[in-house]
Structure formats: C-alpha cells, structure tokens
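Features reported for this protein in TrEMBL:
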{"type": "TRANSMEM", "residues": "B:21-39", "note": "transmembrane segment"}
{"type": "DOMAIN", "residues": "B:87-379", "note": "domain 'ABC transmembrane type-1'"}
{"type": "TRANSMEM", "residues": "B:93-114", "note": "transmembrane segment"}
{"type": "TRANSMEM", "residues": "B:135-153", "note": "transmembrane segment"}
{"type": "TRANSMEM", "residues": "B:173-196", "note": "transmembrane segment"}
{"type": "TRANSMEM", "residues": "B:216-240", "note": "transmembrane segment"}
{"type": "TRANSMEM", "residues": "B:260-279", "note": "transmembrane segment"}
{"type": "TRANSMEM", "residues": "B:361-379", "note": "transmembrane segment"}
Amino acid sequence: MNNNETTTKNEMAPPKSSIGVPGWLKQNLFSNWWNTLLTIIFTVITIYVVKGTFTWVFFTAEWSVVSENFKLLMVGQYPDEELWRVWTALSIFTALVGISWGVWKGTMGHVSIFLGVVMAITMVVPFIAVGSRIWLAANIGLLVLGFAIGKQSEKLKKPVLVGWFLLVPIGMFFIEGFGLLNEVSTNFWGGFLLTCLIAIISIIASFPIGILLALGRRSNLPIIKWFSIIYIELIRGIPLITVLFVAQLMLPLFLGDTIELDKVLRAMIGFTLFNAAYLAENVRGGLQSLPRGQYEAAQALGLNKAKMMTFVIMPQALKAVIPAMVGQFISIFKDTVLVSIVGLIDLLGMAKKIIANPQFLGTQMESFVFVAFVFFMICYLMSYVSRRLERSLGVGER
Amino acid sequence: MKKDIADVPTPFWRNKKVIPFLAQGIFAVIIAISLLFLFSNALDGLRQMGISLGFDFLKSSASFGISESLIDYTPESSYGTAFLVGVLNTLRVSFFGIIIASLIGLVVGISRLSNNWLVNKTASIYVEIFRNTPLLVQISIWYFAVFLPLPRIEESTRFLFSYFSNRGSAIPWFQATSGTLVWVLLFAVGVIASVIVWKLRLKKQIETGENKRPGVWAIGVVILSLVIAFLATFQAPFNITLPTVEGRSFMGGLRLSPEFLAILLGLVIYTSTYIGEIVRGGIQSVQKGQVEAAKALGLKPSTTMRLVIFPQAIRVIIPPVTSQYLNLIKNSSLAIAVGYQEVVSVGETINNQTGKAIESVTIMILVYLTFSLLTSFFMNQFNKRSQIVER
C-alpha cells in the first residue's frame, strides 16, 4: 500500500530523449550506427525515387493518351447510345453499397467512402463528358441516400442480402439485354467493363463447382474422390494460360458443331474451370479445420448428410476461409489480364491496342501505368477488406 | 413385431451397401459419356481438317527460328528439339528467378520487421505496389516501356561497365580459365574439410569446456585450400570479361536479351513480394517466449537468430514458399506476351503451324506437371529435415 503510494508520487516523467519528435526519431531512425547508416541510405534512395516519379507524373508524362481514350479503356466499344445501361447497373451496385454501409457500418463504410471518393475525383477531372458527370453525381447521391435509408432500420439486412444476390443477374440483364433490350453482343464489351465481368462471373460460377470438388475430394467413394483429386491437381499443376488456350482454341473443337460459344464466354469458362480447382482447395482447408465434434453433434441431432453439410458444416467451413477466398478472388481478378494474350480486348488489351495507334506512339509507360493503377486501387481495397474481415471474424489468430 | 420388420427385405435403392456403388456407377457413366462426346467431336473435327492424331510430327523439321537457345537449334531442327529448347528456356528463367526472388524476398521480409521506420515503410510500400498489380502488366511495362525504348545498340546507355540497348544488354561476367576446374575442385574439398574440422573442434569445445575457436579453424581450412589452388595453378580462378560494343553487336560479358530481362525482372519482383510476406509471417510465428528464453540463456542476437528463431521459422516458411516457387515456374509462361520462347510459347507456335493442338497442349501439361512434381519432391525432402521430430 505504502509502497504503491510512493511510486505514484515519485513517478518520474520519461526522459526528454525518449518522447516527442526527437525521441521518436532517435528510437525509429537513429537507434544505433547501423540504423543511422540505413536511414541515410534509404533517405537518399527515397528522395531520388520520389522526385523522379513526381517529375514524370506531373511534367514528363503525356496523360492525353488516357484522357482521350478514357471511354475505350473503361467500356471498350460499348455503343454510346446504350451506355445508360452500364450506368444503371453501376447505380444499382452503388445503391447496394450505400445501404449496406448504413446497415453494417464498419468495413462497408470504408468501401463506400473509397467508392465515393473515386467517383468524385472522376467527376471533376476535365476530360469527362457532361453526361457521365451527371451519372457520377447521381451515383454519389445514391450512395449517401442508401446510407441514410440503411441507417434507419436493422430490418433491411435480409432484403439487402437478397439484393446482392440479384445484382449480377440484373446487372447482366442491363448490360447484355437478354432479348428485352437491344442486344449488345459480347464483341462490344471491352476495357475495364470486360475485366470486371469476366472476374465476377467466373468467381460466382466457380463457387458451386469448387464446393462440390472439395466435398468430392473428402468423400470416401473412391471414383468420386479420385476424379476430384485428379481434376484439382491437374488444373493447379498447369499455368492459367494453357487453360485459356484450351478454352479458347480447343473447346470449339471438343464441342463440335452442335454448341457454339463466343470468345468471351469461352474465356469465362476457362477462368471458371481454373478458379474452381483453387477454390476447392480453400474450401477443403475450411472443412479440415472443423473439429470432428461438429459432425458428430450434427449426426446426434439426427440430421441427414445433406442437412448436416448445408446447415452445420458448410457455414462454418466457409466462414473460416473467407480471407483465403478473398485472396483467391484478388488473384483471379489480376489474372483476368491474361485474356489479352488470347485476343480479347480487356483493360490491358485495350491499352496495347491504343499504343499500337501511331497517334499515341511512345506512350507505353503512361498507358500501362494507368492500367496498373486501376488494378492497384481495386486489389488494395480488396486486400484491405480481407485484412479487416480476418480481424473481425477472429480467424488466423491464436 | 421386431422380427417382422427385420424380415421385410430392404429395397436395393435404400440399401446402404448398394447406394455408394450405384452413385459411383452413375457418376462414372456420366463422366465417360461426356469424355466420349468431347473426344469423338474432336476426332471428327480433326478428320474434317485432315489432321491426324499422333506424336510423329515431333520428328519433322520445325522451320521456325528461336532467338535464344541453350542447345544447338536451327530452323531445320525437329519439333521435338524445339520443345526441348522451350523447356530449357523455361528452366533457365525459373532457375535464376527462384534464386534472385528468394534473396530479395528474404531481404524484404526482414526489412518489414526492421525497427527502422523508414526501412520498414519502404519495404511495405514495395510489397503493396508490386503484389497488387497484375504480373502481366508489370512484365509489359518492363518490356514495352523500359527495355524496348532504350537507345539503339550503337548509342547504348553505359552504367557501371554495363551496356543497355533495345537489342539487349550486356553486363560484366566471369570467364572460365584453364585453372577453373582445379580451383572449383580444391574449393569443394576445402569446404567439406572445413565442415569436418568445425564439427571436431566444436565437439572438443563441448567436451573440455574451453573455447577451441571452431569458426576460426573452419575459415582457416577454406583459406588453406584456396592458397593450395593458387599454388597449383598460378592463375586466378576466373577472368572477368567486360562487354564492349563493336559495330552493331556486343562483344564479351554476359549478353541478355530484352525479352529475358523483362520476364526475369517481372517474375523476380512479383514473387519476391510474396516470399517477403511469407518470411515475415514465419519469423513472427516464432513465439516471443523462445526469444526471451534465448536471451535469458545469454545468447547473442545473431546467435538467437541463427539457432533459435530461424530453425523454427523455416518450418512455417517452407510449404508456402514451395508453392510460390511453383507459381513462379507456372508464371514464366507469361513470357509468351513478350516473345521469350519458353515451352508454352514454342508449343503455341507449333500449334499454329501444324494444327496439332491436342498434342502440343498435352506436352505442355506433361512438362509443367513434371516440374511441379519435381519441385514438390525436393522441397518435401528439405521440409522433412526441418520438421519437428516428435515423440
């Protein structure tokens, strides 16, 4: 007791040298001769690189290659008079993000703010058409409105989830037409729009196949088990580009004259088959992480195998591997650029096409850096979300 | 009553012994029918185009050029040789890629844990930038925006005795002399001897408790072997050749094509970010108590790193690093985008020339599966040695 009091009374302030800016500097940059040396070397390199980058970005680079081809880079050859359909699909997405922000807050809020800031910046850059500016403004409005609505009631959770599930079919309806609107065939899809569509559709389509393969691999029926193992290991053993070649060049041969698929669909099939094998391994990891007691408890409750899987095992297994799956999505999103090798005009393909145009000779760096920047923003956002999810789900912590 | 129920025969579709057979049978039939459908279509299509199935074409002349080859190759060589050239080119870029990426990855991983704020932040910015952009875009930047716009060979950029031009670059390199073999042999003997001496001295040190300086002895033995090598040959182990520009080509030094440099740089930088994160995770996975225990035993920081942290971290690091190595080998197929002719690129050219799509894809798949199996095999051997020996 007494002892305690004396310590509190005589507690000294930390020495001047360990607080404040000089303290921080000493601790983090100059703690010993080795650190000091590193700091000096890295400062020189950093100044050199930052200065070089700054000069290039703001003075040397010819950004007109991006500004003049902005529409091509974003949506490719999509007809101008039908562009409202892409905007509508985007607006539905924005509204859903906004409402989810209101309902769940947290990470969704960060995503919304990111989306809003990107839209706001795009809106004020000088080369954007007036129509696009109006759409962007409306989208920002939707984001805020969605937040306001979502904040009002917790009951919206289920409708919003349903909305997310319906987003892809509705979005596809607007973009493709499905016979009700004027059909915009896949030949006209291009640029960033094509990148996103290939990524999203193959991710969704590979989900059921991946889960079935994961279950198949753990099955005790030998034929099913070996089929799954051979499929998964074969696909994981070969590069994506060979899978794409098979889908692009050999699929028409294998399917014969009976079934005709266009280029974009074939690429999507290739990505789906590829992604399914990787997803299966993720899901299998989740299944293996579950203790046996979960299976036994479900059996003790009298659930049959299908019910046990859908209501007890799968929800837990999938939850455990959400971060791993987001990682897989990021990598499949980045890998979509490979379609430019097999002749599709995605974001990278469009950039290559533009620099082949004599008018934009010598602007390779600007075009590719723009492509890289777009991917960087989205992948960084996704990995940020994945890290937060990991923390909030409490997986990966011991 | 009970007897009655037992007497009712179970219908076969509810019999627990029959169901699995039935299910598998149906599954197998479906798979077989789909495969049959696909292959009969393919055979029909090939017959219509007048292409036969088979690997005989590997013997006929390829009649296309490959600019970089580790073995003798001319357009008159066979398709089989062309594939071999492709495989060797894949191995070449993967081999150097894996070594350099591991080294950079190790440095990045350790820098991410550095208590120097600037080093730490630089490393994490490096990781974030290069792992969040697609590898193909990075390779395209290196090739189309960095190496191709370099000046022509006559006006190549000079930097540190090296030349950089749009037709390739040349850096100083080692050249073997007549004495190189003797040097290498004696050096190898010296290293083996030094390990033996080090172990003996260490054993004696543990037995007697006196400092027997095993490290000094080991280094002494290696130096002795080098001195003997010099006395035996009276030559340096190798000459260093500096590249020079003569007319429109490089002489001397190691010449590297822009294609090879672009794919190598892309692979190395991309993979090193992943390896860096794995190394960081591995080191962080070692429990704090281990380090504290090592400190309490009075071990130096360097000894703690070498004998306590590293052996435990390596166990966590090896499996994911193996899959990164495999990824690097598979990603080397992106070289097709810049025209470095590795196995997929060669296979594609052959496919375009002959229409032998099924055969070339089969060869590609077999090549990559062999690489995967070999890499996993070696890494598993290494992994076994570093595993915990449990009771």
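The backbone N, Cα and C atoms fix where each Cβ goes, and this holds for glycine too.
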Tertiary contacts of the transmembrane segment (B:93-114), as residues 6+ beyond its ends and Cβ separation under 8 Å: 120, 122-124, 126-127, 260, 263-264, 267-269, 271-280, 282-284, 321, 324-325, 328-329, 332, 335, 340, 342, 371
The transmembrane segment (B:216-240) versus listed stretches B:21-39, B:135-153, B:173-196, B:260-279, B:361-379: most Cβ pairs under 8 Å: B:173-196
Top partner of the transmembrane segment (B:135-153) among B:21-39, B:173-196, B:260-279, B:361-379 - counted as Cβ pairs under 8 Å: B:260-279
Other parts of the chain folded back onto the transmembrane segment (B:260-279), taken as Cβ under 8 Å at six or more residues beyond its ends: 68, 92-93, 96-98, 100-102, 104-112, 123, 126-127, 130-131, 135, 138-139, 142-143, 146-147, 169, 313, 317, 320-321, 324, 327-328, 331-332, 334-335, 338, 340
For the transmembrane segment (B:173-196), distant same-chain residues with Cβ under 8 A (at least six beyond the ends): 217-222, 224-226, 228-229, 232-241, 253-254
